[in-house]
Amino acid sequence: MTLIVTGAAGFIGANIVKALNERGETRIIAVDNLTRADKFRNLVDCEIDDYLDKTEFVERFARGDFGKVRAVFHEGACSDTMETDGRYMMDNNFRYSRAVLDTCLMQGTQFLYASSAAIYGGSTRFVEERDVEAPLNVYGYSKFLFDQVIRRVLPSAKSQIAGFRYFNVYGPRETHKGRMASVAFHNFNQFRAEGKVKLFGEYNGYAPGEQTRDFVSVEDVTKVNLFFFDHPEKSGIFNLGTGRAQPFNDIASTVVNTLRALDNQPPLTLAQQVEQGLIEYVPFPDALRGKYQCFTQADQTKLRAAGYDAPFLTVQEGVDRYVRWLSGQV
C-alpha cells in the first residue's frame, strides 16, 4: 500500500523516507513545498513513487485519488520559532494539519505527526499534560492547538494517531534549515571557519556553556516513528527526546574532538579546549534574557510505557557520527 510523507524534502521527513527505503518501501508519495529548491538534495539518494506540492496533495488526498493509503507521516510545517506571521503559521501548521488528519480519519489511515517540545514554553516540567503546556511563540502555539484537537478526537478515533513532541533534534539532512539548524551543525561550521566554537557564558545560575537541552539524534527520531508505524494499535501524544539533559559544552567539545580525530590529533578535555582557545565563551545577549530556556529534558514515561525500549544515543555518540557525516559532505 501507499505511504505518504509530508515535509519529505525537509530534515526529519527526508530521514524517514530514507529509513523506509532501507526497509524496501519505495511506494512513497513525497509531499513538500520546493519554493526553496535546495531542499531537493535531501531526496537525491531516496526512492519515491511520486512528488506532489503540498497544496495539490491535500485536495487530492481528500478526494481519495491515491487509493488505500496505509500511513501518513506528517512532518511538513514551518518550524521557524522566530516567524512572526501568525496567520501564515496557523494556516500552514494548524489548518493544514487538521485537513490531513480529517482525511486520515475518514479513510482509516495511520496518522503519525510532528508535534514539538516548544509547546512547553518556559515550563520546568516536560510531561504530556495540559497544565505544563504554555508556548512562548506562535510556532509553539500552532503545535499546541493541534495537540488539543488530537486529544479531543483520540477517544473516538478508529485508526492510529501518534504525535511526537520533538526536542532538540540534530543530524544529517538539515543543511537547508540555515539559522534554524541544530547547534551541532553550527558548531561544526564555526570550528571549520574560525578554528573555535563560541558558546554563551554564565547566565541564570548556569556556568559558561552549562545551559542544557535534551539533544536527540534524528536517527532515534526516525526509529521511534517507525516503531509506531509497526504498531498501529498504539496511539497518543509522546515526548521524543533522550530523557537526558546535556550541556552545550558537550556538543561543542564533541564537535572539536571529532574534527581533531579526523585530523589525526588526540582528544582534549573540555578544560584543555577552553585553555587552548578552541572553545570560547561570549557574554549572554541582553536580547535573550528572560526568553531563553536553560533546561529541557523529555519525560519518557509515556513513550516507554508504549513499549519503545531501545536506548537513545548520547550527545557524544550521536554528534560524533554526525560530524563524521558532515565532514564527508564538504
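Just so it is clear, glycine is given a Cβ too, placed from its N, Cα and C backbone atoms.
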- For the substrate site that Swiss-Prot assigns to Asn168, Arg179, His186, Phe200, Gly201, Glu202, Tyr203, Arg213, which of Tyr96, Tyr113, Tyr120, Tyr292 is also named? Tyr292
- Message: Between the two most separated Cα atoms in Asn168, Arg179, His186, Phe200, Gly201, Glu202, Tyr203, Arg213, Tyr292, the residues recorded as binding substrate, what distance in Å do you get?
- Response: 23
- From Tyr139, Asn168, Lys177, His186, Gly201, Tyr292 (recorded positions), the ones whose CA sits within 10 A of Phe11 (NADP(+) binding site) are Lys177
- Task: Anything within 10 Å of Lys39 (NADP(+) binding site)? Look among the recorded positions Asn168, Lys177, Gly201, Tyr203, Tyr292, comparing CA atoms, and list what you find.
- Result: Lys177
- Task: Would you please pick out, from the recorded positions Phe11, Tyr139, Tyr292, the one with the fewest other Cβ atoms within 10 Å of its Cβ?
- Result: Tyr292
- Here the recorded positions are Asp32, Ser79, Tyr139, Lys143, and the Cα closest to that of His186 (substrate binding site) is found at Ser79
- Message: Return only the integer: C-alpha distance in Å from Lys177 (active site, proton acceptor) to Asp32 (NADP(+) binding site).
- Response: 14
